[in-house]
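If you check TrEMBL, you get these features:
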DOMAIN    A:33-315  domain 'RCC1-like'
REPEAT    A:36-96  repeat 'RCC1'
TRANSMEM  A:38-55  transmembrane segment
REPEAT    A:100-163  repeat 'RCC1'
REPEAT    A:164-219  repeat 'RCC1'
REPEAT    A:220-272  repeat 'RCC1'
REPEAT    A:273-324  repeat 'RCC1'
REPEAT    A:325-382  repeat 'RCC1'
REPEAT    A:383-432  repeat 'RCC1'
């Protein structure tokens, strides 16, 4: 009896003594860092999500997954600082000084992810890349240069570095890579990566439209090259441009702080909060200044909505966010104000109560807006992600396959820092709690 | 209640033999024997009192009761699906098996890394996911214009049975290891609120137990309308019912 433990119900004092003696565990200390994660969702068969088990399952009885309707974690080796979604492919980049700085996955039929050497046959390359694979860049100082930003278009990609200019790869049939168009060039399995260095000052932002490229320099100037049949190069003509050329028009002399494009329309925001637009206007994107359907010179859009901080262009609709945190949409398609509003030429505000603002949380503001081809995404200062638009192959990430007519929260286990929208998939950079 | 004067007994005409001794009957008005207090007994032998939303033994706060015909209003009030407001107190550093501080200890953890900012972040996430569930369980077709307009005004609410939902949550104070939250919820139980406190502790990479659950509002009834234990007498109850009648009627008409 002396060897066995206590028997019978314990008294309060015994319980308190047992509690005081119990070990105290520490799961997190004061200096615990928050981890950086990447979440992907959308259409899987192109390989753009970077999870090979969706396309080629690891067990024979499992079926390939066509759509990932909710956010799924993508394991990466390094902290990803910039992500971009193209038409069926994705680029991830990190600000590291290691040799591998950029990873790509998805379609590679035009070498938009560089040359991915096939392991079976050393002379051929992969047409579909199912996992994030490193993209070798011809850097002069690979252990000093850092990659700042990546951007993807329909079949080409741009990589911005801090000291070695811009690297372009992919399809160049319209000069969108910034080099001369070579007739009958085969773009698949191509080893060519072009480097662009001749700008008036250092390039700070690169943006890819569908078949054209825009470069914004530190001095506030914008350069463009690529297809111009809708005037999206903004150079005053409707022809192809194969060398990056500076834009004039209403933005001549204006300090531009942000450029955006995804389809054939382009928007630029100046440091004083004015919005300039050029390109395709078939969907009333620029209808407030002109009735023509193509505008090939940047025009100032006289909106009286306050100082604009960020703009984003989609295929048929545009969205801006002002300094106070209000979101304005215009254009055509599912704009985010219910099924009745399908097109407007004048920006309409989306009520802030849809982004979580209420009497309980009066200081919720929208900080960033992003556009996919027919989807919109907004990030609030609380780290929440709201999406709306056409739900093409589950790209909204809300768990349902129907279109979403007003902003809807995406449940991500963490604070969303950045999001990149593509045609049928999205990538988000998240900090854990 | 029985001491209050009752209505006077009814009178009826009976033909009784005359008191003078004359032959024949005389019509006299006499009180009905059936109305005599010794025959029919006290007016109120039992009262029907029905409870409103449940409150378990470890919690405190506003508890709505319906008396007599008011029980029928209770079902109507339930169908209004109004939110209830609770003040929930918690303690970091402990985890118990029934999520309250009187349960069996499961684990002890450190909590000095918790800041107000981290707590508010977790609370924002809870609010966000519950808001999404609110819209989903309200069974409105999201593709209609009226769904959009209700969502803008914030009036979408489930009008039938649904799992417990939190409409709003706010941190009132944080003084490690104690903290206090204000929670607005629908269709909940107090044990669910204790579970939420436990889960907040887990999310913050520590552990928490719930020390206090106090309901401060149940639909239209607030702490000011509630009667204390010392006020449980006929006059105050009658006055309270009279004061709340108007509020209850307007709320029912607004919703149904």
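The backbone N, Cα and C atoms fix where each Cβ goes, glycine too.
Note that TrEMBL annotation is computational and uncurated.
Beyond the ends of the transmembrane segment (A:38-55), by six or more residues, the same chain brings 62, 64-74, 76, 80, 83, 85, 88-90, 92, 105-107, 128-132, 392-395, 397, 412, 414, 422, 424-430 to within a C-beta distance below 8 angstroms of the stretch. The predicted model assigns the repeat 'RCC1' (A:383-432) a mean pLDDT of 92. If you count C-beta pairs under 8 angstroms between the repeat 'RCC1' (A:220-272) and each of A:36-96, A:325-382, A:383-432, the highest count goes to A:325-382. Helix, strand and coil counts under DSSP for the repeat 'RCC1' (A:220-272) come to 3 helix, 23 strand, 27 coil.
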